Each structure stands twice: as structure tokens, then as C-alpha cells.
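Shown next, in C-alpha cells, is the structure this report addresses.
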Amino acid sequence: VLYRSLTCLISENKRTLHTPLPEAQSNRLENEDDKQASNGTSCWTERSITPPGAQPPNTILVLLVLGLSFATRFYKLAEPPHICWDETHFGKMGSYYINRTFFFDVHPPLGKILIGLAGYMTGYDGTFPFVKPGDKYGHHNYWGMRGFCAALGSSLPVFAYFIVLELSHSNSAALIAAALLIFDTGSITISQYILLDPILMFFIMGAVLSMVKFNQQKPFCASWWLWLLLTGVNLSGAIGVKFVGLFVILLVGLNTAGDLWALLGDLQLSLVDVAKHLLARVTGLILLPLLLYVTVFAVHFAVLNKSGPGDGFFSSAFQSRLIGNNLHNASMPKYLAYGSTITVKNLRIAGGYLHSHWHLYPEGVGAKQQQVTAYLHKDYNNLWLVHKPDDGQGETKGFLDEAPMTRKHFQVTGYGINGSGDSNDLWRLEVCGGRRGDPVKVLRSKVRLLHVATGCVLYSSGKTLPKGWEQVEVTCSPYLKETPNSQWNIEDHINPKLPNISLSVLKPHFLEILLESHIVMIRGNSGLKPKDSEINSRPWHWPINYQGLRFSGVNETEYRVYLLGNPVTWWLNLACLGLYAVMVAVASIHCWVLMRGGGQLVLGWLLHYAPFYTMGRILYYHHYFPAMLFSSMLTGRSDLVTSWGICSYLSAFLPVRYLIFYIFHPLSYGMRGPLAHEPGSAMAGLKWMDSWEF
């Protein structure tokens, strides 16, 4: 199929090059070519030719789309006046930026930075705690953060209008695509709250619009450079909000690869000209986004310079940067020695400190001896002594009893009285990636603790013990592969016989903390597994609108908001996706369909939808909304509707779609009173699928 598509692309370009033009237009193009040739620049003038019958943007329609978009997104924006769904996370993170308090999140920081900035600029002081959904905002100014997200969400139908207009040159097709989004209850709901989704979708649509506008410009003109650079800016914005922004980067990358391939096959261009095109794209679509992405993290680290709830997710060296952390501007001996008192921190995310308290393992759990665990908080029981093997003093003993929770691992216990023990107490510290005998540097060295008698390695499983006072299981693993669970570092170090150094000399540099933050985010994302009692949305649910998502309220006395797409819009989008597949399967119109731009929208939908089938993390209904943008634009594409004689039917269908929106609008704007299955409910008779939970 790809081979046939490329063949069609080349043949279509040839037909475009040889299409007879009116004499005046031909003379104008020749004059432009002469000018460019004199400047040493070769331009694809045929790319900027407007197809016959193409329609320019209609100012009245643009204003109508803009007005309806803002009206539907800002209506009842302050309702409900309490935390809804994930506002408890992203509103709190905006507060952290205002207070400059360090935190951890699995997503890159740009979206939260913008939320915090919007709150700060509109008078929010960052003092609301954002504890849980349902908590009242009271006198706190939250509308600025909601308004910022609503403004970006309001731009999506406008972007859709211009994207489809560029691809179809039809105002009717562009209006249909915009209307699908304007009157979609799900798109309204997800735009009205303090969430990352409207920010992410703003940059995705901005990147797609910039890409299609760039494709229409003459090479190396001012507008060509403008749209190229704007594409790069939006790509960095998308990946800077969520890692799923990578999908639109792939879309632009594939478009660019096809563009360069066509340039390489143009015999009128020299290799120098092709190299110029390649260099320009590398600059605008790789180097510029990378620079902006790194800059976002530089701002993130500079603003969040105070110790906070995110400290424990990062290494001890990272924590030494944070004002208020016990390691900030602290001093201690640089290298570990016998006689030192230390704390040992596991390197997995929230791995905790090696810990032992007086409590014994309960009856039936291996040896009934003193517990050895990992503890997430700083505590006196985290302190350990380092002794020489021949001192006869030991604090732990490894037995060949099975670990409490992890199969095939061994239990680790505290054993001995007044420091007396046996050979099972011996553990050897090894520097990961080093040689035997290498010194152990505080904060910086990654070490393993190997049990001398059995050869197993000390391991933090991450599993919380059922009767362990929020303690995490520590085992001895027979599997010696180096993983964060089996790696530790020395954090606190006390030894009066050694000189102290300032930990400021051991602070990591920017590239180190940038790399560490990405490792922690990736591990955090992979650790988002569905819990036993948690409902995990399936990707096949999403296109058919199988199940929504409760944003607020449960019973009839509460203010209820339910995220669910307009059923007619979503099912129409699904039908048009199927229609497009049928059209591509028909060989006689294969090339024609792909050449009209629908292929880019299908590819965008696939890239933003199909990867979720491979993800092991917990998934939610809202993950589909970026893909839904592409399916809605595909529905409005003129080569799908005008060519099959149904454009007029879709246009006439707009009032019906508005009627469905009006009927379902309480889902978006909120409702109280009887539930859907009860008489007198605003949603009575509208629960078309049993899986809908409103």
C-alpha cells in the first residue's frame, strides 16, 4: 500500500507539473521562477498553486466558530465551585509552582507551569490545599486556571476549521469539522477544568495546522520559515505537556520524510538545494524543539528550588539542591569507612530507606525475628553502623526462609543480642560498575549489598507489608541483575574520625538532573498499573463511546458532571473512518483520496490511538480525545463528503447535532436532582447504553 501510495504521489506531482495554466498565471510563475533563479533559490511554485474552486477563509464563518467555541467553553465555567476529578492533582501542582515547592509528576512540566502561571497572573495565591475531589474552593480564586484551560480548549474548533480548509479548500467541510467539536459534550467538559488535556490538544492542533500551512508555502520565503518554526514550537509544547505528544512528532516526522523523499526525486533540484531543505527542517523540527524542551526543564528546576513532597522520588544527590532538605548545604565525610554511621536509600522510585525496628515478623512468616524493611520517611531507625567483619558485631542475618511477599526471594531479619551474631550477618558493599575495593562516595556511588554466605543481593520489592506500619518489604534476591530495586546509595554519613566536606561540591549538574528526572518519569509512568478494585478503560471502548468518566458527584444531592462525547458525533466519526477505509480499498480512487489530505488525518488518528493497545499502564477514557480531534476533521473532509454527494446531508444534519448537544448538555455543565433512571431526571430516557454511568 505504501509503495502504491508513493507511486501515486509521484504520478500526481507529475500531473500537477504539467497541468496547463492560464497564460497570465503561467507568465507570473515564470517571472517568479526567474527571480528565484537569480537569487540562487529553487522554489516549488506548483505547491503554492491554489486548486480550482478553492475557497479562502470566510471571515463570518471564522467569527461564528470562534464565538460559539468560547461561548460553549466559558458557559458556567465557575460551576461547580469545588474540585472536580484530576483538578486535585494539577491544581495542586500549579500551587507548588507559585510556592516554589518541589514535587514529582509522571508528565513533563510545561502544562503545570502554564497552569501555575495562569493562576498567579489572575490573583491566585497558591494557598488552596487541593486535598480531594469535592472540596469547596471557597474564597480562593480558581477561575483563572479554569479560564486558561477553557481558552485553549476554545481554540480547538478554530484550528480544526483552518486545518480542514487547508486540506480541502472547502468552507463547508471546514465548518462541519469545527461544528463537530463545538457541539461535542466531551470536548466541552474536558476543556472547562484544570487539566493538562486542553493544553496538550492545543499544541497538537497547533502543530498540525502549522505543518499543513508550511506545506503550502514557497520554500525559503518568510512565511515558509514562519510556519516551519511554529511547527517546531508546537511540537516542543506537545511533548513538554505529556509524553504522548510524541505521537504528533511522529506524524510531522513522517510528513517531513515524505516531503524530503519527493524533493530528492525532483530532477529540477540540485543536491545542494535538497541539502538546504534538509538542514532547514533539522533546524526547525529537531534542534529548535529540543532547545525549547530543555529550556522548559531549566525553568522547572529553577522555580522549584524548595524541598517538598517530591524529594523522596529522586536521588540523594538531587535532593541536595533543594532548600530546606537536610542535605542542602550540609557537610559530611566524602567516602565511607569502617566505624561510620549511615543511612542507605534504595534507588527505585520512592524506594525508601533501609530500616529496622524492634517489631518482629508475625507468626507464620519465616523466622520470627526482627523486621528489616524500607521506610519512606526519615527516621532514627534508618541509621546503620559499618563494622569490620572480624569485629564479631552484626545487626542482620540472612536466612533461607522465603520472603514474606515476594516468591523465590529470601527473608531478611535482624538477629543477635548486643552485637553478637554469626557468619550469616556478613554483607559486602560493592560499587555498581566499579571494581572491588573502590571507595564508596556519599550521595554519588550506586552500591549493592551482597550477602556473603548465600550470594543473594539486598532488594526492595516495593510491596507494602500488610502488618508493617507502612513499611516496604526488603528481601534478598537470588537474581543478581542490577536494577534500581537492588541498588542503593549512602545518604547521611557520620564519622568523627574523618574530615567533612560541603555537599555542594557533589551537587549534580544540569544534564545529570535532566536525565534523572526523565528516568524517574518513565519509571513512574510504567508503574501506573490498574489496582484490583480499579476500573481500567479499554481502548476499544473509546471510539464507540462505550463508557464515560465521572468528573463530579454520585448521588442526587450532589452536583454531577460526566465526561461523555456527543453520541451522534462520535458514532458519525466512526462511520466516516469506516467509509474512508472502504474508499482506500477501491483501487480506482486510491490515489485520489490520499492526495486530497485525508490520509494525513487518518494517520494522525492511528498514531494517537493505536499505541494505547500496547501500553501496560492504567488507561482512561480521556486518553482518546487527541485521536477524536483527527476523526472529527476527517468527517468534515470534503473529499469524503462532497465527492460522495453527502456534503449537503451533513450540513443539514448540523441542526440535529445541535439538538443532541442540547439534550445531553447537562452532562457537561452539571446537574442535580433525580438520576437518569428515575422519573423527572434531566437525563431520563437518554441512557442509551447500559455502560453509561450518569
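Don't overthink the numbers, they just go from 1 along the chain as shown.
Keep in mind that glycine also has a Cβ here, set from the backbone N, Cα and C atoms.
Fair warning: this is a prediction, and the values are worked out from it, not measured in the lab.
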From the ranges 137-160, 641-664, grab the one TrEMBL calls transmembrane segment.
641-664
Leading contact stretch, 194-212, 224-257, 601-621 vs the transmembrane segment (278-303) - CB distance under 8 Å:
224-257
Are there residues at least six beyond either end of the transmembrane segment (224-257) with Cβ under 8 Å to its Cβ atoms? List them, or say none.
107-111, 196, 199-200, 202-204, 206-208, 210-211, 213-215, 217-218, 280-281, 284-286, 288-293, 296, 521, 525, 600, 603-604, 607-608, 611, 623, 626
Per-residue pLDDT averaged over the domain 'MIR' (437-493), given as an integer:
90
